[in-house]
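What TrEMBL says about this protein:
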- H131: active site, proton donor/acceptor (ACT_SITE)
- K135: active site, proton donor (ACT_SITE)
- E43, G71, T72, T73, A96, S97, N98, F99: NAD(+) binding site (BINDING)
- H132, G141, T142: (S)-2,3,4,5-tetrahydrodipicolinate binding site (BINDING)
- 35-99: domain 'Dihydrodipicolinate reductase N-terminal' (DOMAIN)
- 102-230: domain 'Dihydrodipicolinate reductase C-terminal' (DOMAIN)
Amino acid sequence: MKIALLGYGKMGKTIEKLALEKGHSIVFKSTLESSEGNFEAAEVAIEFSSPEAAVENISKALQAGIPIVSGTTGWLDKYSEMVNLCEKRNGSFIYASNFSVGVNLFFSINEYAAKLMAPWKEYDVSVEEIHHLEKKDAPSGTAITIAEGILKHSDKKDWKLNTSEENTLNITAKREEDIKGTHIVSYNSEVDTISFTHQAYSREGFAKGAILAAEWLKDKKGIFTMKDVLSI
Ligand SMILES: NC(=O)C1=CN([C@@H]2O[C@H](COP(=O)(O)OP(=O)(O)OC[C@H]3O[C@@H](n4cnc5c(N)ncnc54)[C@H](O)[C@@H]3O)[C@@H](O)[C@H]2O)C=CC1
Ligand SMILES: O=C(O)C1=N[C@H](C(=O)O)C[C@H](O)C1
C-alpha cells in the first residue's frame, strides 16, 4: 500500500517504521515546514499533525480522491464540515481520537460500566488523563470520547475540565514528562472507589491501529470509525 504521511512528528515517524516493516511504502510526507514525494501517487493518506493543520490536511486528501485516516485531536468543532466534504467528493474518511485496539476495547468497557453504574447514585464518576509535556490540546481527544460514552448513560449533562459542578462530568488533564497516554475512569463513593485504567507504554499501539484502519479503508467509500474497522 502506498501511503502519504501528513504530519511527520512522533506519530508520523512511528507509523513510517511499522508500515515499512509490514511491506508498505511511504510515497509522500509533510511537516509544517516542508514536504517530499508525490502526494498523488498515494493510495491512502494518514494524518497526525496539529489541531490547526488537520482540516487543511483532510481536505487536501478528500479533494485529491485519496482515502484519509486522521488521528489528530483538538479540531473536532469542524468534524461535520469534513463529513460534508467527504460526502460531496464520494470519498473515504476515518477519524478516531485513539487508534489503539486497547483503547477501543476500553471505550466499550467504559460504556458498559457507565450503564451498569447508572442506578447507583452514591457513586460520582470522573475522568483523568495524563500525557507528555508537548501535547497541545486538553483534555485529550480520548478523554472526550470516554466522557461522551459516560454521558450517554448519566444524569450529567456535559463534561468540563476541572469542574466541581454536580451535574457536569469532571475531566482532569495532567502533563508529565514522556507519558505516552494514560486514561483513568473513577467511580467514587463515600466508602470506596471503582476505577479502571488504560496506559499506553509506547506509540506503537496507536500507529498499528492507524495502519490497520488505512488497510481497511483503502478500497471503501464512506465515513467510518474504529468500531467499523474492529467490528466492536
Ligand atoms: N488518534 C490517535 O490514536 C492519536 C492521536 N494523536 C494526535 O496526533 C497529533 C500529532 O501527534 P504527534 O505526532 O505526537 O505530534 P508531533 O508534534 O510530534 O508531530 C506533529 C507533526 O505535524 C506536523 N505539522 C504541523 N502542521 C502541519 C501541516 N500544516 N501540514 C503537515 N504537517 C504539519 C509537524 O511539523 C509535525 O511533524 C496530535 O493531535 C495528537 O493528539 C497522537 C497519538 C495517537
Ligand atoms: O497527543 C498524544 O500523544 C495523544 N493524543 C491522543 C488524544 O488526544 O487522545 C491519543 C493518545 O492519548 C496520545
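FYI, residue positions are counted from 1 along the chain as it appears here.
Each residue, glycine too, has its Cβ placed from N, Cα and C.
Bear in mind that TrEMBL entries carry predicted annotations, made automatically and left uncurated.
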Consider the recorded positions H131, H132, K135, G141, T142 and say which one has the Cα lying nearest the Cα of T73 (NAD(+) binding site).
G141
What whole-number distance in angstrom separates the two most remote CA atoms of the NAD(+)-binding residues E43, G71, T72, T73, A96, S97, N98, F99?
23
All-chain count of other Cβ atoms within 10 Å of E43 (NAD(+) binding site):
17
Cα of G71 (NAD(+) binding site) to Cα of the residue listed as 'active site, proton donor/acceptor': how many Å, rounded?
16
So if I take the binding-site residues (E43, G71, A96, N98, F99, T142) and measure from each Cβ to the nearest atom of ligand 2, which come out below 6 Å?
N98, T142
When secondary structure is assigned with DSSP, how many helix, strand and coil residues does the domain 'Dihydrodipicolinate reductase C-terminal' (102-230) contain?
46 helix, 37 strand, 46 coil
Around the (S)-2,3,4,5-tetrahydrodipicolinate site (H132, G141, T142), what further same-chain residues have their C-beta within 8 angstroms of the site's C-beta centre?
T73, S97, N98, E129, H131, K135, D137, S140, A143, G181
List, in residue order, those binding-site residues out of E43, T72, H132, T142 with a Cβ under 6 Å from any atom belonging to ligand 1.
T72
What is the interatomic distance between the Cα atoms of N98 (NAD(+) binding site) and T142 ((S)-2,3,4,5-tetrahydrodipicolinate binding site), given in whole Å?
6
Would you kindly give the Cα-Cα distance separating G141 ((S)-2,3,4,5-tetrahydrodipicolinate binding site) and T72 (NAD(+) binding site), rounded to the nearest Å?
9
Between the Cα atoms of S97 (NAD(+) binding site) and G141 ((S)-2,3,4,5-tetrahydrodipicolinate binding site), what distance do you get, rounded to the nearest Å?
5
Using DSSP, what's the helix, strand and coil tally for the domain 'Dihydrodipicolinate reductase N-terminal' (35-99)?
26 helix, 14 strand, 25 coil
What's the number of neighbouring CB atoms sitting within 10 A of the CB on F99 (NAD(+) binding site)?
29
Tell me the Cα distance separating F99 (NAD(+) binding site) from H132 ((S)-2,3,4,5-tetrahydrodipicolinate binding site), rounded to the nearest angstrom.
18
